[in-house]
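Right, one structure below, let's go through it.
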Amino acid sequence: MAWRAAASTCAALLILRWALTTAGDLKVEMMAGGTQITPLNDNVTIFCNVFYSQPLNITSMGITWFRKSLTFDKEVKVFEFFGDHQEAFRPGAIVSPWRLKSGDASLQLPGIQLEEAGEYRCEVVVTPLKAQGTVQLRVVASPASRLFLDQVGVKENEGKYMCESSGFYPEAINIIWKKQTLKFPHPIEISEDVITGPTIKNMDGTFNVTSCLKLNSSQEDPGTVYQCVVWHESLHTPLRNNFTLTAARHSLSETEKTDIFSIHWWPISFIGVGLVLLIVLIPWKKMCNKSSSAYTPLKCIMKHWNSFDTQTLKKEHLVFFCTWAWPSYQLQDGEAWPPEGSVNINTIQQLDVFCRQEGKWSEVPYVQAFFALRDNPDLCQCCRIDPALLTVTSGKSIDDNSPKSEKQTPREHSDAVPDAPILPVSPIWESPPATTSITPVLPSQPPTLLLPLQ
């Protein structure tokens, strides 16, 4: 009995070996290096080549593509092909049957998105053999870059140049400033008076960032070329934006300043002493008592940070937007955002509309913080914010054309952006009295551009 069982096992092994030898060798090859990079929204082909020792018969073979995302350690089926059956589990996914005859089992995906990055596995079955291969797919988005001059709130002979990069992925990016003078034609990197803000995530998963260069044209040579250089892994070569400094306004020489001062310093001294006595010393106590505890709107929000529903917003982002980005925006009705913040309903509304029209959805939740501050009189009183700022003092209200806009009422915050938190560098201030918590409501879809007053 034992001899017969051993003989049967030996015969089975010989038959299996003969079948495998007859079937031939099956092998799958993917992208060299194991990683494939593709631009966002491109039509991508993920390569998979099948090598078989015999001619392929697609009616008796199977192809299945799987994807494992970067965030979840679980495979999902993307496409399958067996004989005359094929099914796409991702819209538009396809493997060309006529290319498969020559061993090309590549997967085609139109309009690739960021969330579709991950590990792709190509599994090929030619009965009784099976082979597979994997490749990492990375999706990148190239930044769009622009350079502009911010003329809001700058002094004479000063300039604030903004270099904005938007819509890039992944988050890592490098922005540097260089200058090239007539005397030194080789570009050199600038390290002083450069401020680069935080990277802000957009609703589509891409990122934005702004870098600022401050210049005093009276201290720079006319004809100097300045350059903003943007490096990102999606770019083959860096993006470069240039501007040339024009001739600075004439200012007095040191000799002229010295001559003028030597002639007039006596009367200037007496006048200066008089001004100090009249303007500073006499009302000093009254001024201190009145203004020592007053706060700007931005400072008030920072001070009472825990009174707001901040969610995932960051203080440093609010500071950057309020002091750098928003003052450079050209708002309607002649409004301009002050670096210290605002509780003027016209100014806040126009900034809110501008951010929505320009697709700056990540900034809208930070604007909502000023709406929330304005709609809390107790907090405004606690911060000693000027009551005049709580009324419509300039511009044109968004509801001016409405017959029901005779009376201004507090604004509802039901139009905030999805996934938006409220609010930016924590200075240390004196502890305020306890205040009531403010919780703006955040919807699940992008809001409309009009913000009517109820």
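Yeah, the Cβs are placed from backbone N, Cα and C, and that goes for glycine too.
Comparing N216, N289 with the features listed in Swiss-Prot, the residue bearing the annotation N-linked glycosylation site is N216. Here the candidates are C10, C122, and Swiss-Prot names C122 as the disulfide partner of C48. The recorded disulfide partner of C228, taken from Swiss-Prot and restricted to C163, C288, C300, is C163. As annotated in Swiss-Prot, region 'Interaction with NCR3' covers the listed stretch 127-130 rather than the other ranges in 115-118, 127-130, 155-158, 219-222.
Straight-line distance linking the Cα atoms of N43 (N-linked glycosylation site) and N242 (N-linked glycosylation site), rounded to a whole number, equals 33 Å.
Cα spacing between N57 (N-linked glycosylation site) and C228 (disulfide bond): 57 Å, rounded to the nearest whole number. A straight line from the CA of C122 (disulfide bond) to the CA of N242 (N-linked glycosylation site) spans 47 Å. Of all the glycosylation sites listed here (N208, N242), it is N242 whose C-beta has the fewest other C-beta atoms within 10 angstroms.
Per-class residue totals from DSSP over the region 'Interaction with NCR3' (127-130), listed helix then strand then coil: 0 helix, 2 strand, 2 coil. Counting every protein chain shown, 11 other Cβ atoms lie within 10 Å of the Cβ of N57 (N-linked glycosylation site).
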